[in-house]
Amino acid sequence: MDRLTDLHTALVILAAGLATYLTRIGGYLLVSRMARIPPRMETALNAVPAAVLTTLVAPAFYDGGLDVKIAMAVAVLVGLRWQGFALIAAGWGTAMVLRHLILA
Amino acid sequence: MHKTHFWQGARTGLVVGLSTAPFGLLFGAVAVDGGVSPLEATMMSGIIFAGASQLVGVKLFGTDVPAWLVVLSVFAVNFRHILYSAALTPHLDDKNLTSKAGIFFFLTDPQFAEAMKQVDRTGRLETGWYLGVAAIIYLLWVLSSALGAVFGSLIGDPVALGVDVLLPVYFLGLVLGFRRRPLFGLVVPVSAAASIIAMHVVGSPWHVSLGALAGIVTALIAHRPPPAAAEREVR
């Protein structure tokens, strides 16, 4: 370990943290100005979790190899019944078995 | 803030935090490998607290990219949080500005997903519960990043260890948590297709915002006004 940090890097990290915080409070600043949330807006906001989180999953499935695709399919099936660790373990375990024992 | 709620939240946070710890380790290792010092890697986790954007930042640190472009890239990768904070706002009971400011600092992907699931389950969002979830996730994220930064050279090939599968599978679980919400079966395929197309046509990280937008617009088009158009007040 030759150095801890320098002022320039520390400032860039701080600025990046501030930019991130702006994204985390931005929606609040927009929505909290409204006295009422119209039903149409509520429908849009209700769609946010599925709409955003899906975009973090779908490209990985599409671009992933056969091992990743099968692992994610298994995770979906397990996830319909169990959540949390079970789902992650099923997906990860499937990928590991495929990688090291079957497709290797 | 209610102590019982805090500890209930902490229990939820422990499951999330242990699931995200491998990514913290990986981030720390990748950061140091890319020339960032262990202290800087830990600072990034503590100050930015957004894994995907931290990895992008680390990659740019290793190049001649100017500082403002690093900050802009981090902002672009984190842009989705604007939607999270918008969706969270109607469920915030807390009027205290300081606790609101804190609540939004901790608004990560899993934090948002857990908070929305809690709203679906119980109809409300306790500040204590939320901060309990957040505290454990934050601590484990910073700790695992620091450990990864210091002991990163001990971690083997991430692909052989299956680390690359963990993240999509983890987010897949978060998506499935919302399958009982109205329009789920419509929004997910539209967002999935749009994000894949955007990934290949426009590139990352814009596939997230564009894919999300496609899903939200689809929900708006499919929207049917409820029989009694009861508008909800912002609290």
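From the backbone N, Cα and C atoms, a Cβ is placed for every residue, glycine too.
Remember, it's a predicted structure, so these values are computed and weren't measured experimentally.
So that you can see what the record holds, here are the features copied from TrEMBL:
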TRANSMEM  B:12-32  transmembrane segment
TRANSMEM  B:65-83  transmembrane segment
TRANSMEM  B:129-152  transmembrane segment
TRANSMEM  B:158-176  transmembrane segment
TRANSMEM  B:183-200  transmembrane segment
TRANSMEM  B:206-222  transmembrane segment
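A Cβ distance under 8 Å defines the sequence-distant neighbours of the transmembrane segment (B:183-200), meaning residues of its chain 6+ beyond its ends; these are 175, 206-208, 210-216, 218-219, 222. Below 8 angstroms of C-beta separation, residues 38, 40-42, 44-45, 51, 54-55, 58, 110-111, 114, 118, 129, 132-137, 139-150, 152-153, 155, 158, 163, 166-167, 170 of the same chain, each at least six residues beyond the ends of the transmembrane segment (B:12-32), sit close to that stretch.
Within the same chain, the transmembrane segment (B:65-83) packs against the transmembrane segment (B:206-222): three or more Cβ pairs sit under 8 Å, each pair at least 6 residues apart.
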